[in-house]
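Chemist: Input: one structure, supplied below.
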């Protein structure tokens, strides 16, 4: 429609997550007709981000430098290490403001059927990171999915010989959750892991 | 989070319609971590599209050339002119495959309170386009909103002196529409504009 370059832009926009053909068309029209400056800004930001952002050499989160700000920070507790699956999880935990230690990003979870074993998600490197004795508690914050749970359990086994405490983030009813809409597995976990109040 | 360039990319993605802060973050992470090549392709497509796509000199739709393919086409009925508000509407009608004439894009609708009068949406130019006597029917396909209706009525008045038929696209119950969920204004229009079947 309209021109080859318009169709190319629509196609290019479709690589964005949850953008289908209709949304891509709407986005392309919006950019061309109402915000050419914004479109050029977005092109620039994409070029810059793809050139400069890469994995942190220490925690495997994202950074523009050799090592990310969180790893370099002196204000964070080096004894606490939170293990997550992806940089998106680092972002989510940071935004919750609930954690002031350091991170370790696995870059995935164990999935033997897809050929993803401990080596592929850098578990040997994590164990090596834990071996210097600096970390006293590892918080396993992999997803609460089957694969995330399996990965957490594997890590507990893999670190058995190390003098480090390992904890798992709590599972239960989410904030604002109404019991009648919570799935029964979550509810059974919530009852099982109940906490004493008095 | 992560780095300045990451935040800039998130901000830049927010210019896209219906992309909020959470979606922009998810898009940025997806591009940086899973599809750098796609991100570079998108940047290229944005640069190309903003440089080369502009308004058609005749119909004011979008094109890469002086005049768009539809205006130049010999296969289309020059006697039929469909007036729409925006290039997005040209696209929608083309995709419906229901029209084989030519188009005229107003680039908006009358909205006196916002200072948008006939001059601002090029109605004098449209009247001039109709004056050469080539067009025999103008299909008014402005939106079925209050402003779109007002614009259609204004056009009928403005072209009163010209020997040209003017029609309005039909309004009624949409395909698949269940009467109990159709708003009462639409339903009353549908009853009023009922068509004889036998």
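The backbone N, Cα and C atoms fix where each Cβ goes, glycine too.
Note that this is a predicted model, so its numbers are computed, not measured.
Reproduced below are the annotations present in TrEMBL:
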type	residues	note
DOMAIN	B:79-174	domain 'Toprim'
ZN_FING	B:56-71	zinc finger
Chemist: Let me know the model's mean pLDDT on the zinc finger (B:56-71).
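Modeler: In the predicted model, the zinc finger (B:56-71) has a mean pLDDT of 95.
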Chemist: Go ahead and report the DSSP secondary structure tallies for the domain 'Toprim' (B:79-174): helix first, then strand, then coil.
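Modeler: Going through the domain 'Toprim' (B:79-174) residue by residue, I get 34 helix, 21 strand, 41 coil.
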Chemist: What counts of helix, strand and coil residues does DSSP assign across the zinc finger (B:56-71)?
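Modeler: Per-class counts: 3 helix, 2 strand, 11 coil.
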